[in-house]
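Worksheet: the structure to be examined is printed underneath.
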Amino acid sequence: MKSSIMHILKQSNDWVSGEYLCRELGVSRTAVWKHIRGLREDGYDIEARANLGYRLRSVPDIPYPDEVTVDLDTVVMGSRIEYYTDLPTTNGEAKKLARAGCPEGTVVVAESQSGGKGRMGRFWFSPRGRGLWFSAVLRPMVNLVETPQVTMVVAVAVALAIREHTGVAAGIKWPNDLLVEGKKICGILVELNAEMDRVNFMVAGIGLNVNIDSSQFPPELSETVTSLKIAAGHHIPRVPLLRTILQSFDFWYQRWLREGFVPVLNKWRELCVTLDCPVTVHTMKDSYVGHALDVDETGALLVQTPDGEVQRLVAGEVSLRKI
C-alpha cells in the first residue's frame, strides 16, 4: 500500500487529495493517513494540508527497493531487492535466500552490518547509512574452474561505476580490493555453493565506503582506508550510485557469460594498480617480495621474485611496496 501511495505522489507535481487516494486505492482515509505516517517514518518528506491533501517534498537517500528500481535498466541485477536496516552480513542473508530458490540477480542491501567481513574473515567496518553494503545472488551456468573469474567481473564493474558516477579514479588491487590514491575504498567477497562439478549459486558481496568522514574510521583503519566523500570532496547520494553499480555489474556479468573472460581480463588490466609494481606477498606458507608482472587467463597473479623465478599466486595477500 505504501508503494502505491508513493507512486501516486511521485506522479503528481502538485497536491493529491486524500479523497483521490482513497478512491484510487479503495481504502479509508484512516488507512491512507496510517500509511502516510509510515512513509514519513521511513524518511519521506510528505506535506499534509487541510483542503489540499498531500504533497511529496523529498525522498530519503536510503536504498529502499522502490527507489533503487526507478529506471533500473538491467537483465537480472535487482530482479528482487531485499532491504534491511541491520544484518550480521548481507552475504549470509543472500545465501539463505539463494538456498530457498530466489531468482538470479536478487540483491540484499543493509544499512549496517554487525559482522561484516572481507577476505580471510577480516572484520569490515560497516557504519549505518554511510556506505553501500550489499550482496547479489548469481546462478552462472559455467564450469567450476571459471568461478574465480567472478571476483574480477565484480571489481571491473564497480570500479567503472564509481568512475562514471563520481569521477573518482578507483583502481583495482589484486585480487578484490578497490583503491583510491593508495587507500582501500571497497572490498569484494565472492562465495560459492557447488556440488561436484555443478554451481548451485554464487554470492557476490560488496562493501563500499561512501559517506564516511575521516574522523569516523576506527584509529587502526584511518591510514589505510578512505571513502568516496573524502575522495570527491562532497556528499555522494547512495541510491543513484547503487543503481549505477547494479547496471554496470549487470553489463559486465552478461558480457562475461556471453563472450568469456577475455574482455573482462583486458579491462581489469587497464584498471589494475598492482601490475608492474613492487609487491610483498603473504601466503599460508610463506612471505616474499617481488614484482607483479601480469595475471594469467585464470586470474592468478604472476610475481617475479628477485632471483628471477616467476611465482603463480592463486590465493594470498598482496601489498604494494614502496621502493
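Glycine too: its Cβ is placed from the backbone N, Cα and C atoms.
No curator has checked TrEMBL annotations; they are predicted automatically.
Here TrEMBL gives DNA-binding region for one range in the set 18-37, 58-77, 118-137: that range is 18-37. Listed by sequence, the residues of this chain that lie at least six past the ends of the DNA-binding region (18-37) yet keep a Cβ under 8 A from its Cβ atoms are 1-2, 4-5, 8, 46, 48, 53-54. Within the same chain, residues at least six positions away from Thr90 (biotin binding site) with a Cβ under 8 Å of its Cβ are Tyr84, Val108, Val109, Ala110, Gln113, Trp133, Phe134, Ser135, Gly205. Of all the binding-site residues listed (Thr89, Asn91, Gln113), Thr89 has the fewest other CB atoms within 10 A of its CB. Taking DSSP states H, G and I as helix and E and B as strand, the DNA-binding region (18-37) has 17 helix, 0 strand, 3 coil. Largest Cα-Cα distance over the residues recorded as binding biotin, namely Thr89, Thr90, Asn91, Gln113, Lys184, equals 20 Å.
Asn91 (biotin binding site) falls within a helix when secondary structure is assigned with DSSP.
On its own chain, Lys184 (biotin binding site) has Lys173, Asp177, Leu178, Asn209, Thr224, Val225, Thr226 as residues at least 6 apart in sequence with a Cβ closer than 8 Å to its own Cβ.
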